[in-house]
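Asks: Below is the structure I would like to discuss, written out as C-alpha cells.
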Protein chains: 2
Amino acid sequence: MRKFLATALLGAAAVYAWPATANDGLVSIIKDPKQWGIQTGDYANTRYSKLDQINAGNVGKIQVAWTFSTGVLRGHEGGPLIIGDVMYVHTPFPNIVYALDLNDDGRIIWKYEPKQDPNVIPVMCCDTVNRGLAYSNGMVYLHQADTTLVALDAKTGEKKWSVVNGDPKKGETNTATVLPVKDKVIVGISGGEFGVRCHVTAYDTKTGKQIWRGYSMGPDDEMIVDPEKTTALGKPIGKDSSLKSWEGDQWKIGGGCTWGWYSYDPETNLVYYGSGNPSTWNPAQRPGDNKWSMTIWARDADTGMAKWVYQMTPHDEWDFDGVNEMILTDQQYDGKPRKLLTHFDRNGFGYTLDRVTGELLVAEKFDPVVNWATKVDMDKNSPTYGRPMVVSKYSTAQQGEDVNTKGICPAALGTKDQQPAAFSPKTNLFYVPTNHVCMDYEPFRVSYTAGQPYVGATLSMYPAPGSHGGMGNFIAWDNTKGKIVWSLPEPFSVWSGALATAGDVVFYGTLEGYLKAVDAKTGKELYKFKTPSGIIGNVTTYEHKGKQYIAILSGVGGWAGIGLAAGLTDPNAGLGAVGGYAALSNYTNLGGQLTVFALPN
Amino acid sequence: MRKFLATALLGAAAVYAWPATANDGLVSIIKDPKQWGIQTGDYANTRYSKLDQINAGNVGKIQVAWTFSTGVLRGHEGGPLIIGDVMYVHTPFPNIVYALDLNDDGRIIWKYEPKQDPNVIPVMCCDTVNRGLAYSNGMVYLHQADTTLVALDAKTGEKKWSVVNGDPKKGETNTATVLPVKDKVIVGISGGEFGVRCHVTAYDTKTGKQIWRGYSMGPDDEMIVDPEKTTALGKPIGKDSSLKSWEGDQWKIGGGCTWGWYSYDPETNLVYYGSGNPSTWNPAQRPGDNKWSMTIWARDADTGMAKWVYQMTPHDEWDFDGVNEMILTDQQYDGKPRKLLTHFDRNGFGYTLDRVTGELLVAEKFDPVVNWATKVDMDKNSPTYGRPMVVSKYSTAQQGEDVNTKGICPAALGTKDQQPAAFSPKTNLFYVPTNHVCMDYEPFRVSYTAGQPYVGATLSMYPAPGSHGGMGNFIAWDNTKGKIVWSLPEPFSVWSGALATAGDVVFYGTLEGYLKAVDAKTGKELYKFKTPSGIIGNVTTYEHKGKQYIAILSGVGGWAGIGLAAGLTDPNAGLGAVGGYAALSNYTNLGGQLTVFALPN
Ligand SMILES: O=C(O)c1cc(C(=O)O)c2c(n1)C(=O)C(=O)c1cc(C(=O)O)[nH]c1-2
Ligand SMILES: O=C(O)c1cc(C(=O)O)c2c(n1)C(=O)C(=O)c1cc(C(=O)O)[nH]c1-2
C-alpha cells in the first residue's frame, strides 16, 4: 500500500532511479539488438534486427503487451526509440516527446511539449507527420515541424540547445528524422511544394553550431561539390553543373528537398540520401535537367563534400521525389563482394549502385505496371546512359501545359513513397512496402509567392487499372537481379515501414490498421492484428528483461491518408490523393497510439 | 484477390449483407447475454452477464483481440452496444456514432457525425463526456451534448427523427445515456452548475413526440407528483412539498439535474433515478431542504407520476449530487424475499430500500473515512428519520459563507460518482468503483446569469488523509448488511463502471488505463492490461461466433480527469479537481480507443 505514495503520488522525476546503460554511445546501441537508437535501426538503413525470440514458428502467438495513447491525432510516422529501460515516443505536430518507463508499463518519466506556431500546419504539404527522434550520447534529438532542431537531455527531457534550420513563412518545414554521425547531426528540410531551395545541414551534436550546409542546386560552392572530383556515373560533374541545367534564376526556388532518410557508411565516411522533386510540378516552367534534384547524393560526413551524385529522374514531370532511403549492404554481385546501395525510387525503378563509386549496376521496375519510362538506359556508351527512356504518351512535359495526361503509372506518390523497406542478410531479400496507384496529371502555370503553395498541377489518383483492384503490394525484391521474388496484394498502399528479423519474419503495417507478420522466405501471412488506427509508422523491435517486443505507432495520415487526417473530401484535394483513398474511411479513423506486442509468458 | 474489389473499393453500405437478428425487440436482447442493448446491460442496472467462457480460472490468459480508435480525444464514458453482428460505438463531443462489423475486425458499416455548435463545450461542467447509446427495435438513440435526441436507423445510420430537449444557451446540456422503456425513451438533462431547473422527459420512440416531463422541483403538477399518493418514507408528501422547501423563486434555478442512470422494473412499471445537487453550491443562498433535489425517484413509466421519493441529502452543502444508479435486485432481506433497490450515493452512504414502497432498509457508509455525517437516522419514530446526522465541523452551511471548511470526506465528487457498480446474483455482492478523496470547501455568494456558471464555492481535493495514500478503492459490498466485504486500494479514483459475470470475475478500469479482472469472491487480482489511455468507460461483454469478448473504451477525462482532458493546471480549476489528480499525467494521455479482449484461439 505504501507503494502508492512512491509511485502514484509523488512527481515522477523525483523518485525515478535511472537505469544504467553499459555504454550509451550510439554505435554500441546500434550494435545491440536489444535497443533501437535511431529511426532506421542502423546506419545502413536495413531495418533488420538480430532478435529471434519471435520467429516464423511462433509469431502467430504474439499478443498485445501494452499500449499508449500519444494524446495527438493525425498521421503518426516513424517509431519509438529504445535506450536501456526507456522508450522515447514522438508525435506529429505539436511534436510532443515522451520518455516511458519500460519497467512500469510505459509510465511517463518526462514529457517535452514544444510551443510551435500552428501556422506551420498549412505549409506542410502532406500531413503534420514527423518521422521521429534520434539518440546519441545522452541526448534525444527532435526536429520539429517548424524546423527547430532541439537537443533534449535523455534523462530529464531538459532542453540543452536548439537551433532553427529554416523559415516556415517561406514554406520551409520539417517532417524528417535526423541522423547523428559522430559529433554531427545531419538534418534535411521540406518545402518542395512551396518553391524552397532545399539543403542538408550538419550541426554540432553538443552545441547546435552549424558545421556545413549543402544545397541540392545552385552554385558549386553552395552545393559543396568539386567540379573535378565529384562524379556522376563515373565522370566529373564539371563546373556549374546545376546552374547550367536550369533556366535563369528558377534554381533559386528549385525544390530538391531533403525530407527523406539518411544512411551512413563508417568505412567510406559517406552520408547517403536522395533529393526531391524540382519546383514547380509544371515542367514547362523549368526547362533543363534541374540538377541536382531527384538525385542520389553521397557526401563526406565531416565536410559535406559530395563524392558522387546520380540523377534518377532528370527534369521531373510527375513529382517522382527522389528522397526514399538508401539501403547499404555488402553482398555478392556478379560473383564478387560489393559494397552496394539499394534504393526504391518513387519513379518505380529499384536501383542498385556501387556505393563507393556511384556506379549504376541495376535499375529495374519493382512494379510491373510502371509505364512512364520503358527502362533506364544501361548502355555505358550511350549518350543517354543512366537516364530513363520516357514514354511520350505519359510525359506531362511533351503533352504540355493544361493537358490532362492520363493513365500514368505510378502516381505522384510513386511505386514507393517515404515508407522504408527492410533487408535481411539471411535471405538477401529486400522487403518493400509499395503503392500500386496510377494518375492523371494536368500541369498548369503558377507564379511564385513565398510561403504559398507552388504546385502547378492538378492530379487524380486511382488503383492501377487491370490489376488486383487494390492500391498496394508488399514485395520481396532481389536487388542483384532486379526481380520481384514475391508480391502480396494489399487493398491500400502500404504506407508503413517494414522490419525484418533474424527470426525470419517480416513485419509491416497497413493503412486499414493491421500489423502483419509474414514469412521472410515465402511471404506467407503468419499473423495479423487490427490496431486502433491506420498504420503509417515503422515497425520496431527491442528486447527488455529477456523478452522480445514489437512496437508500432498507429495514426492514419501522411499523403495517402491526408483525406482522413485533414478532413478533406474533394477527390482532387490533398495534392490529388483524397479521391483514391476515400474508401479508407470505411476501415479506420484518426488515431495516435503505440501498440507493443510480445509472446505470452 | 477479387475480394478487394468487393470489400475495399466499393462503399460499405452498398455491399453489406445485414445480419439477421432473431428478434430485435429490446427485451429479448437484454435477456440474451450475447448482446448488450442498453448501457446498463439490463433494466435492473446490475451490469451482470451470464457469459462464463471467460472465468476466474482462465481470465489471466485473455488477450487483446482487436482495437478501434474513435478519432476523438477527451473523456470516453459509457461503452459500446452489441446487437447481432454489429457493435455501436459513440464518442464524446462531437458525439460521433459508428456501426462496426464484428464479422470483419470492426470495419465501419456507417458513421453518423452530428453537427453541433462547439459553444456547448464550455457549458459542460465535467468534460465533454457522453454515457452512450441505447438500442430499441431497430433504432439507435443518441442524446447529444446539445440535448438533441436523435433516433438513427440501426442498419443505415439514417436519422429517423430528432427532438431538442433543452437549451445550451441556458446551460442545459446532456451527457447521460437514455433508457428506452416500451414505446418511450426516458431522457435526463445536465446543468446543475448553471442553475438549470432539471427534469426527466419521456419521448415517443417512434416519433420523438414528448409524452411527459417531470421536474425535480417546483409546483406539484410540474413535478408530476400526487400530494396524497406520492410518498416519502411511507408518508404522503403533501401539497407544495417542493415549493415550501425553497426560499422565494430560488427553485426556478434550482438544479436537481438528472444526468445519471435510469433503471426500470417491468413488474412495478416504475422508472428509478436520482436527482442532483440544488443550485448554487453556496448553501446560504438557498435555505430549506431544497426538495426534491438529491432524491431517489420512482416514477410510473407511462405517466411519469411519482410513486415515492426519498431525499438523501436535504439542503446539500457539498455538491453530493444524487444521480448515481439504482440497482434493482430481488434478494433475501431479514429472512424474507424483498424487491430491493441499492444505491451508492455521492454522500458516501450505501442505501438499500424496498423499491416498491420506498421503505429505507439500510444506510451505511461504504468508505469508513466519510465524516460529514455520523449516520443516517434509522429511527422511524424520530423527527429526523431518514436524514443524515450532519457534523457541524464539516457543515459548510454552519461554518458559513467565505469560510474554508477543511477536511470534508468525501470530496464533492463523492465516495462514488457516475461510474456504475455491478451486482452478481451468484455472490449477492455489489462491486463498487469508489473515490477515496477529501476536500476543503469555501462557499461564496454568486449571482445568476443564464448560461453562466452558477457554482459559488471554491474547492480543493486530495487523497483521504491517513489512509493508503491512494485516491480510490474498488470494493465489494453487502447491501443487506451495509458492510464492505473486501476493498482494493487504487492510486486514483476508480472512474470506470464495473462488470460482473457468471464466470465469477469482476472487471473494472483505472484512470491510469489498466483494465483489471478480479475474483468476484475474494477480490484477488487475476489480470491487468495497460490500455492506451485512462479508463472512465464501463466494461461490456458479449459473445460473437461462440467466443466471449470483453470491451472497454479508453480516453481519460470526466470530472476526475478534467485537468488532462481540458488542459487545466490551476489546482482549484475544474471545480476543484485539477490539483488532486495532477499526478495522472505521469501515467496517461488523452485518448479515444476501444480495446476488445478474448481468450486465445
Ligand atoms: O517536396 C517536399 O518537400 C515534400 C515533403 C514531404 C514531407 O515533408 O512530408 C512529402 C513530399 N514532398 C512528397 O512528395 C510526398 O510524397 C510525401 C509523402 C509524405 C508522407 O509523409 O506521407 N510526405 C511527403
Ligand atoms: O449537476 C449537473 O448537471 C452535473 C452534470 C454532470 C455531467 O453532465 O457530466 C456532472 C455533474 N453534475 C457532477 O456533479 C459530477 O460530479 C460529474 C462527474 C461527471 C463525469 O462525467 O465525470 N459528470 C458530472
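Even glycines carry a Cβ here, placed using N, Cα and C.
Annotations per TrEMBL:
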| type | residues | note |
| --- | --- | --- |
| ACT_SITE | A:ASP319 | active site, proton acceptor |
| BINDING | A:GLU77, A:ARG131, A:THR175 | pyrroloquinoline quinone binding site |
| BINDING | A:GLU193, A:ASN277, A:ASP319 | Ca(2+) binding site |
| DISULFID | A:CYS125-A:CYS126 | disulfide bond |
| DOMAIN | A:36-391 | domain 'Pyrrolo-quinoline quinone repeat' |
| DOMAIN | A:496-550 | domain 'Pyrrolo-quinoline quinone repeat' |
| SIGNAL | A:1-22 | signal peptide |
Asks: For the pyrroloquinoline quinone site (A:GLU77, A:ARG131, A:THR175), what does the 8 A shell look like? I mean other same-chain residues with CB within 8 A of the CB centroid.
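Replies: Residues close to the pyrroloquinoline quinone site, other than A:GLU77, A:ARG131, A:THR175: A:GLY78, A:VAL129, A:ASN130, A:GLY132, A:ALA176, A:THR177, A:TRP259, A:GLN418, A:GLY558.
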Asks: Between A:GLU193 (Ca(2+) binding site) and A:ASP319 (active site, proton acceptor), what is the CA-CA distance rounded to a whole number of Å?
Replies: 10
Asks: When the Cα of A:CYS125 (disulfide bond) is compared with the Cα of each of the recorded positions A:GLU77, A:ARG131, A:THR175, A:ASP319, which one is closest?
Replies: A:THR175
Asks: For A:THR175 (pyrroloquinoline quinone binding site) and A:ASP319 (active site, proton acceptor), what Cα-Cα distance in Å is obtained after rounding to a whole number?
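Replies: Cα of A:THR175 (pyrroloquinoline quinone binding site) to Cα of A:ASP319 (active site, proton acceptor) measures 18 Å after rounding.
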Asks: Of A:CYS125, A:CYS126, A:ARG131, A:THR175, which recorded positions come close to ligand 1, meaning Cβ under 6 Å from one of its atoms?
Replies: A:CYS125, A:CYS126, A:THR175
Asks: Would you count the other C-beta atoms found within 10 angstroms of the C-beta of A:GLU77 (pyrroloquinoline quinone binding site) for me?
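Replies: Other Cβ atoms within 10 Å of A:GLU77 (pyrroloquinoline quinone binding site): 31.
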Asks: For the domain 'Pyrrolo-quinoline quinone repeat' (A:496-550), give the DSSP counts of helix residues, strand residues and coil residues.
Replies: 0 helix, 31 strand, 24 coil
Asks: Would you mind checking how many other C-beta atoms are within 10 angstroms of the C-beta on A:CYS126 (disulfide bond)?
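Replies: That number is 26.
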Asks: Test of understanding: give the count of other CB atoms lying within 10 angstroms of the CB of A:GLU193 (Ca(2+) binding site).
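Replies: Result for A:GLU193 (Ca(2+) binding site): 25 other Cβ atoms within 10 Å.
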Asks: Of the recorded positions A:GLU77, A:CYS126, A:ASN277, which sits closest to the residue listed as 'active site, proton acceptor' by Cα distance?
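Replies: So, of the listed recorded positions, the one sitting closest to the residue listed as 'active site, proton acceptor' is A:ASN277.
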Asks: Around the Ca(2+) site recorded as A:GLU193, A:ASN277, A:ASP319, what other same-chain residues have a C-beta within 8 angstroms of the site's C-beta center?
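Replies: Filtered neighbour residues, in order: A:CYS125, A:GLY192, A:GLY255, A:GLY276, A:SER279, A:TRP281, A:ASP316, A:ASP321, A:ALA412, A:VAL455, A:LEU575.
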Asks: Give me the CA-CA distance between A:ASN277 (Ca(2+) binding site) and A:CYS126 (disulfide bond), in Å, as a whole number.
Replies: 14
Asks: Work out the three-state DSSP category of A:GLU77 (pyrroloquinoline quinone binding site).
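Replies: Where A:GLU77 (pyrroloquinoline quinone binding site) sits, the three-state DSSP reduction gives coil.
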Asks: Given the recorded positions A:CYS125, A:ARG131, A:ASP319, which one's Cβ is surrounded by the fewest other Cβ atoms within 10 Å?
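Replies: Comparing Cβ neighbours within 10 Å for the recorded positions A:CYS125, A:ARG131, A:ASP319, A:CYS125 has the fewest.
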Asks: Round to a whole number and give the Cα-to-Cα distance in Å for the pair A:CYS126 (disulfide bond) and A:GLU77 (pyrroloquinoline quinone binding site).
Replies: 12
Asks: Specify the count of other C-beta atoms within 10 Å of the C-beta of A:ASN277 (Ca(2+) binding site).
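Replies: Taking every protein chain into account, the count is 26.
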Asks: The record names A:GLU77, A:ARG131, A:THR175 as the residues that bind pyrroloquinoline quinone; what is their largest Cα to Cα distance in Å?
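Replies: The widest Cα-Cα gap among those binding residues is 9 Å.
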Asks: In the predicted model, what is the mean pLDDT computed over the domain 'Pyrrolo-quinoline quinone repeat' (A:496-550)?
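Replies: The average pLDDT of the model in the domain 'Pyrrolo-quinoline quinone repeat' (A:496-550) works out to 98.
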